[in-house]
């Protein structure tokens, strides 16, 4: 019964997110200003999603970190939270929701088709470092998602799409500067995530690094992020080029966070 | 004054000019980029297990160390910006520590029967060429372990009681497990998923010498549930012997929450050459060279052993690097808001 109620609440959250996202896209397309309604819908989605996650946590006795369904659900929640904070605190970039929300729709669709069954919580996951590690990763991914929204606007404008619709947003150079700052925030939290993960791995598996699939992909993502930041400082590329770098970092981070747990039996080698 | 000193110094020689160009290149952001890309490629070589994986990492790391060293020495920005200097020094420290760690580390494994003592010798061992620890001095006893299982034979928490002598010679008993290794003289002993049953024997030599204890570490349980047999040798004799543990009770119930336990009613099948015996605890067989007595079954725990003195220093360097980078960005971004320019609107 709890199981069904939990899924119903999750569905309600997704509906709220989708309504908010659709309204954001329609607002940009029609040049309307529905920002308060969009924010309210996103917040309603977040509250419902939090309740659903809390119910599941209470029911299965562990956080949403084990199955693909749990990983997707907690990441949709954290990414929405990151974007809602950006949407609320930086009004000038709100139209970028028209870029970000379609990405979120893809993840929500994936979440809806993932099996919501329970997974085994391995003994090596009983550590506060798990929460620290995952929390830092979510901040990193959230920062990169906001950068993707800005980069998407730059690329759409370069392609001649939505020139008038995105006119309320700052100039490409400003958006590129903000995207760069998001990447800088991203590398700080990505580095902290790797450090916390290494501490956990040392305690749990007796090694701080072992080139397992998730470790390797995470490090590759970190390297790509470092390359993107170095390229920007070294060559001062045009905003469109920085935007492509942001997209590349996001794709790599997305593959790391969602691709590796999807193809691997356990996110980390030796996790069970 | 300035002009005369320039005249006195003369034009720079081709060598010094060439050195200046090289030095600037070695300490440049462009060279840093090249190294990052090389490291990027190196990581893929390691991940895909291609040949030359070691060098694919060592070369870009060594090259990065050179880049960082030269950049710190020649780039004035590092002297003007303390956080940037701290960040790059910490990065350099990480590269050096990782290299030292690889030269001095030790990884290994050992299996110890309940009631048995670690004697400083590992079953498997993989160490860097400069490893010089004090493993031979390390002693501790395995006092027994408990492991929880969830339905479906999913392993839960492991609790292993061990005892060792502290620096004052006092016996210390403690419990280690999944997140808590035993730390002795810089070595960490972790319990592992590798554990099982150990039929135990006492060998009484025919000549009247000291009895010898022997425990046969059968293949890991429940992973090898149907292969609980092994060849071994009677201690100090070289007599080959085959032993199989038999029991018909459910030791670990896959349908419910359970705990690892030893089989109660059981026997061991012992075969030496063409002869075969079925033995229960306390039974003995007489051989020409002596008497073999079956004592009973115990558990054995497999430990993975880890030594790397660089770990706390690596952690300190990594945290310093991140804090310094955060400080650098904080100062940089706080100095100018992202939307400070007045050209808001379309830039196309």
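First residue shown is number 1, and so on along the chain.
Glycine residues also receive a Cβ, built from the backbone N, Cα and C atoms like all the rest.
What TrEMBL says about this protein:
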- A:12-31: transmembrane segment (TRANSMEM)
- A:38-57: transmembrane segment (TRANSMEM)
- A:63-88: transmembrane segment (TRANSMEM)
- A:68-264: domain 'Cytochrome c assembly protein' (DOMAIN)
- A:95-117: transmembrane segment (TRANSMEM)
- A:129-157: transmembrane segment (TRANSMEM)
- A:178-202: transmembrane segment (TRANSMEM)
- A:214-231: transmembrane segment (TRANSMEM)
- A:243-263: transmembrane segment (TRANSMEM)
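Same-chain neighbours of the transmembrane segment (A:243-263): 68, 71-72, 75, 107, 110, 137, 140-141, 144-145, 147-148, 150-152, 154-155, 158, 176, 179, 183, 186, 213-214, 217-218, 220-221, 224-225, 228, 231-232, 237, counting only residues six or more beyond its ends whose CB sits under 8 Å from a CB of the stretch. Confidence across the domain 'Cytochrome c assembly protein' (A:68-264), taken as the mean pLDDT and rounded to a whole number, stands at 92. Beyond the ends of the transmembrane segment (A:95-117), by six or more residues, the same chain brings 3, 7, 14, 17-18, 20-22, 24-25, 27-29, 38, 67-69, 72-73, 75-76, 79-80, 83, 87, 145-146, 148-150, 152-153, 156, 162, 165-166, 168-169, 258 to within a C-beta distance below 8 angstroms of the stretch.
Against the transmembrane segment (A:129-157), stretch A:178-202 has more CB pairs under 8 A than any other of A:63-88, A:178-202, A:214-231.
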